[in-house]
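Enquirer: So TrEMBL has the following annotated:
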BINDING   103, 135, 200, 203, 204  Na(+) binding site
TRANSMEM  20-41  transmembrane segment
TRANSMEM  47-71  transmembrane segment
TRANSMEM  92-117  transmembrane segment
TRANSMEM  129-152  transmembrane segment
TRANSMEM  191-217  transmembrane segment
TRANSMEM  229-254  transmembrane segment
TRANSMEM  260-283  transmembrane segment
TRANSMEM  304-325  transmembrane segment
TRANSMEM  337-363  transmembrane segment
């Protein structure tokens with residue numbers, strides 16, 4: 001709390017001055033990101049080996065230390081005791097879904113960017129299952145690390161665990177550091193904990209930035225040919241946009257972004273993505289693509305999930321989130337109306353891209369509205385794909401597919 005000085009900020013309407021120590025840390029982080037990504041996957045791939053594995057070492061050390069503290073098992077008991085009444089709260093489902101998407105990465109473009117560097121016949125089925133299981137077990141392990149220390153805090157202060165814990169980023173950046181500050185050799189535990197957070201943050205930043213860089217590099221050769229300059233400009237932009245979070249009231253900004261930047265927007269994006277793949281592109285066509293990569297088709301279970309379970313589940317979460325929406329709070333501070341509107345504007349900036357681009361494509365196409373709409377929802381290879389066949393060693397001959405109506409493209 002002494003470093004953040006959040007008590008000196010009246011709220012998001014008065015953030016106070018920039019803390020130069022935090023701004024310097026932000027600059028160093030983006031400097032590390034730049035030199036890790038500027039040469040492409042050849043450098044970032046090596047760095048990720050450290051940023052991905054080091055947190056497990058620290059988690060293991062903190063877990064052993066945590067469970068040896070007095071009161072730790074009370075915290076673990078609280079962690080493992082379910083509160084089924086919470087399942088009736090829409091915010092719990094929205095937060096849970098957002099956390100899954102944020103930790104696994106679907107909908108952000110990160111997985112697509114990294115997968116573009118894989119071999120065509122890479123076993124994506126194994127990767128998906130293994131990644132999901134590892135992510136789930138890591139989150140479960142991290143819960144033991146956090147709540148064992150919260151149990152210690154409860155034992156030391158005489159308060160209930162639910163009174164010691166707090167929601168959002170404050171749990172990691174305020175409550176947990178305060179707890180380890182009371183331990184013997186607190187400097188060592190603090191350094192280990194924040195090194196873990198730094199590596200996790202760098203890992204996330206690598207993925208999110210690489211998704212943007214890869215997408216724009218594939219689309220615009222000028223960016224691809226000037227990768228170093230573009231990445232420098234990108235991280236400079238990141239730095240200046242992040243400066244408000246380096247103020248005395250920066251925690252209010254972080255909470256606002258945590259609520260709106262990747263909540264409803266990512267749920268909307270993934271919802272429309274499932275509709276596009278399952279109903280416009282087609283589940284069977286998608287299964288054929290997987291078959292060409294792996295040599296076998298996914299089972300009926302996966303097809304049912306893609307076509308029915310996932311879209312319906314996402315739609316229910318989105319609707320319930322809107323119906324039972326409550327204005328944002330940070331501890332006892334209630335955000336003003338205009339701050340919530342800024343948050344919704346941030347969320348809509350991502351959501352509106354999809355219908356906006358669809359409207360632009362619809363406007364630029366020729367024909368009647370029905371013809372244009374039908375053309376745009378028809379998979380590309382059904383309208384104008386070209387196949388090149390090798391003709392018995394005599395050369396290549398080009399075969400032009402025809403549209404389903406019989407019109408040659």
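Cβ atoms are placed via backbone N, Cα and C, with glycine included.
Heads up, TrEMBL stuff is auto-annotated, nobody curated it.
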Enquirer: Short question: which residues 6 or more past the ends of the transmembrane segment (304-325) have a Cβ under 8 Å from it?
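Expert: Contacts of the transmembrane segment (304-325) (Cβ under 8 Å, skipping residues fewer than 6 from its ends): 89-91, 93-94, 97, 263-264, 267-268, 270-271, 274-275, 277-279, 283, 286.
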Enquirer: Quick check: with 103, 135, 200, 203, 204 left out, which same-chain residues have Cβ atoms within 8 Å of the centroid of the Na(+) site Cβ atoms?
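Expert: Leaving out the recorded residues gives 102, 207.
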Enquirer: Go through the chain and flag residues at least 6 beyond the ends of the transmembrane segment (337-363) whose CB is under 8 A from any CB in it; none is fine as an answer.
Expert: 12-13, 256-257, 259-261, 263-266, 268-269, 272, 327-328, 369, 372-373, 376
Enquirer: Name the range, of those listed as 92-117, 129-152, 229-254, that has the largest tally of Cβ pairs under 8 Å with the transmembrane segment (260-283).
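Expert: Of the candidates 92-117, 129-152, 229-254, 92-117 scores highest.
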Enquirer: Among 20-41, 92-117, 129-152, point out the range having the most Cβ pairs under 8 angstroms from the transmembrane segment (191-217).
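Expert: It is 92-117 that shares the most Cβ pairs under 8 Å with the transmembrane segment (191-217).
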Enquirer: Hey, which bits of the same chain come close to the transmembrane segment (129-152), Cβ under 8 Å, at least six residues off its ends?
Expert: 56, 59, 62-63, 66-67, 69-79, 103-104, 161, 164-165, 171, 175-176, 179-180
Enquirer: Mind checking which residues reach the transmembrane segment (92-117)? Cβ under 8 Å, same chain, six or more beyond either end.
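Expert: Non-local partners: 41, 86, 124, 131-132, 135, 139, 207-208, 210-215, 218, 262-264, 266-267, 269-270, 273, 314, 317, 320-321.
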Enquirer: Near the transmembrane segment (229-254), which residues from the same chain, at least 6 beyond its ends, have a CB less than 8 A from one of its CBs?
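Expert: Distal contacts: 4-6, 8-12, 14-19, 22-23, 26-27, 30-31, 33-34, 37-38, 169-170, 173, 209, 212-213, 216-217, 223, 330, 333, 335.
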Enquirer: If you draw a 10 Å sphere around the Cβ of residue 200 (Na(+) binding site), how many other Cβ atoms fall inside it, taking every protein chain shown into account?
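Expert: Neighbour count, Cβ to Cβ under the 10 Å cut-off: 16.
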